[in-house]
Amino acid sequence: MDVLLANPRGFCAGVDRAIEIVKRAIETLGAPIYVRHEVVHNRFVVDDLKQRGAIFVEELDEVPDDATVIFSAHGVSQAVRQEAERRGLKVFDATCPLVTKVHFEVARHCRAGRDVVLIGHAGHPEVEGTMGQWSRERGAGTIYLVEDIEQVATLDVRQPDNLAYTTQTTLSVDDTMGIIEALRARYPAMQGPRHDDICYATQNRQDAVRDLARQCDLVLVVGSPNSSNSNRLSELARRDGVESYLIDNASEIDPAWIVGKQHIGLTAGASAPQVLVDGVLERLRELGAAGVSELEGEPESMVFALPKELRLRLVS
């Protein structure tokens with residue numbers, strides 16, 4: 001039995017930035033630092049930041065006056081930003097810049113009076129934040145959420161000739177393209193983003209897991225169950241006909257999964273750290289894995305800048 005590692009895998013630039021913002025805020029301002037929602041969807045990362053002095057909350061009313069709060073990588077609504085400003089909270093924004101790009105698109109369409117269709121998963125914090133970029137004060141348009149291709153048939157927009165779409169950044173590329181095609185068939189005048197909203201890291205990791213699926217008879221995806229992009233990776237492998245499981249860490253591996261398997265693929269979602277992958281590799285060796293190799297993949301060199309104040313504090 002051998003193990004093939006996907007490439008790329010694990011942390012993306014947006015996740016790296018978000019985690020670093022929390023760490024540096026704690027180092028420079030001191031604990032506690034409040035973080036609205038899990039800064040990224042990974043239990044190991046969140047637990048580590050808690051030990052350093054981060055306090056995770058779901059709403060700003062859990063944050064004391066005069067405290068520092070960090071917005072998670074998934075982004076927040078305008079209402080949350082306005083509440084933080086009204087209360088005078090010190091804010092560091094860890095929203096992924098690629099999510100911010102989608103926010104700007106929604107706000108632009110809103111100002112132009114267009115209706116907007118957001119393709120995404122209801123209840124996901126990124127979707128809630130993006131939906132919250134629309135406001136009646138900004139324009140006359142309306143925003144609609146579409147989760148799957150079936151909902152396109154029943155969608156009833158107010159302005160079919162003045163319509164645009166945008167997407168959550170962590171969706172299945174194939175599923176999203178199907179929804180977009182159905183929307184365009186129904187609303188030929190619909191506008192789209194200048195560049196795809198699904199982020200480069202999501203695309204690259206989905207391409208990599210498909211490479212694994214072509215060569216393996218089992219694919220393990222390291223990631224937490226509330227991680228959208230990690231779930232999509234496991235779904236893609238299964239869709240390509242390969243047995244696949246999403247695991248938080250090595251302790252969740254069932255030895256029965258690898259019985260009779262010759263080639264095990266291993267990847268990690270964009271919010272899963274390499275240390276968890278290393279732990280899975282160690283467990284697979286204990287279960288009989290004889291060799292580990294890494295597939296070629298798309299190189300990633302993207303780096304997102306930290307907030308200016310945290311950059312300055314590092315050298316002061």
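Including glycine, each Cβ sits where the backbone N, Cα and C put it.
Keep in mind it's a predicted model, so treat the numbers as computed, not measured.
Under the heading [4Fe-4S] cluster binding site, Swiss-Prot lists CYS12, CYS96, CYS199. Counting only same-chain residues six or more apart in sequence, the Cβ atoms lying under 8 angstroms from the Cβ of CYS12 ([4Fe-4S] cluster binding site) belong to CYS199, ALA201, ALA270, GLU300, MET302. In the three-state DSSP scheme, CYS12 ([4Fe-4S] cluster binding site) is classed as coil.
Residue environment of SER228 (isopentenyl diphosphate binding site) contains 24 other Cβ atoms, counted within 10 Å of its Cβ in all protein chains. Residues annotated as isopentenyl diphosphate binding site in Swiss-Prot: HIS41, HIS74, HIS124, SER227, SER228, ASN229, SER271.
Sequence annotations record features per position, and here Swiss-Prot assigns dimethylallyl diphosphate binding site to HIS41, HIS74, HIS124, SER227, SER228, ASN229, SER271.
Note: HIS124 (isopentenyl diphosphate binding site) has non-local neighbours HIS74, GLN168, SER228, i.e. same-chain residues 6+ apart with C-beta under 8 A of its own C-beta. As annotated by Swiss-Prot, (2E)-4-hydroxy-3-methylbut-2-enyl diphosphate binding site applies to HIS41, HIS74, HIS124, THR169, SER227, SER228, ASN229, SER271, with the evidence given as sequence analysis.
Neighbour list (GLU126 (active site, proton donor), Cβ cut-off 8 Å, at least 6 residues apart, same chain): HIS74, GLY75, VAL99, GLY120, GLN168, THR169, THR170, SER228. Residues or ranges marked as active site, proton donor in Swiss-Prot (evidence: sequence analysis): GLU126.
CYS96 ([4Fe-4S] cluster binding site) is 15 Å away from SER227 (isopentenyl diphosphate binding site) when you measure Cα to Cα. Excluding HIS41, HIS74, HIS124, SER227, SER228, ASN229, SER271, which define the isopentenyl diphosphate site, the same chain contributes VAL40, GLU126, THR170, ASN226, SER230, GLY269, ALA270 within 8 Å (Cβ to the Cβ centroid), listed in sequence order. Within 10 Å of the C-beta of SER271 (isopentenyl diphosphate binding site) we count 31 further C-beta atoms, all protein chains included. Taking Cβ-Cβ distances under 8 Å and a sequence separation of 6 or more, the neighbours of ASN229 (isopentenyl diphosphate binding site) in its chain are THR170, ALA201, THR202, ARG205, GLY223, GLY269, ALA270, SER271.
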